[in-house]
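What TrEMBL lists as domain 'Aspartate/homoserine dehydrogenase NAD-binding' is 7-119. The NAD(+) binding site annotation in TrEMBL covers 122, 180. Summarising the annotation, TrEMBL assigns domain 'Aspartate dehydrogenase' to 157-244. Look at TrEMBL and you will find 210 tagged as active site.
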């Protein structure tokens, strides 16, 4: 499967190293859409890819699927057009907090018979949540995210402080750069209004910690993920990067496990 990337940041470089470097037997990144070709010339030569600045030319290149690895603005401005031509793996899930954009993307995917794949990112258990909610019988989903205090607030604190508690929809509005996990969890289960979120600034931790609790007719489930940062970029979750790689490998595989 030939892959086209939108963006050339930390996650794009992770994918290039793993797919075009040492693991990509059946998966190869062929094309990358960027704003400035000259800035990324080294990527072109190091990984044998072709750079594009024009969306139409990018979509017409030798690619089977597009991975958006840029930002929310790229999702809003580019993904609707991409969906008319290719399936998409969406990384900047925060864009889907915009209800109108979510509806537009869903309608385009249906109209053009394309798929939008949302990697699980920095958490897990989404298959459990979706299966448990297959009959609409999940009754509660809550997320508690603890982050190093300096990444959330400017004030100095000595003890953990709750900076938000409420609906996922409101959490996303107040902390748009910190709530991708809440969005994908809400989309997998009860939605933005019914998914509960607690965001904690903790001066005594160095890594992000996500705890999810799910309850319903199936029973109860609780799981906690402590995320290591991506070695090349401490601001990016290592698991989030690996979830994209895992998504692509599953799409290319013949045996589907879970889901």
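Keep in mind that glycine also has a Cβ here, set from the backbone N, Cα and C atoms.
Locations of recorded TrEMBL features on the structure.
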| residue | record | DSSP class |
| --- | --- | --- |
| 122 | NAD(+) binding site | coil |
| 180 | NAD(+) binding site | helix |
| 210 | active site | strand |
- Message: Please list the DSSP helix, strand and coil residue counts for the domain 'Aspartate dehydrogenase' (157-244).
- Response: 23 helix, 39 strand, 26 coil
- Query: In whole Å, how far is the residue listed as 'active site' from residue 180 (NAD(+) binding site) when you measure between their Cα atoms?
  - Reply: 12
- Pop the Cα-Cα gap between the residue listed as 'active site' and residue 122 (NAD(+) binding site) into the table, whole Å please. 8
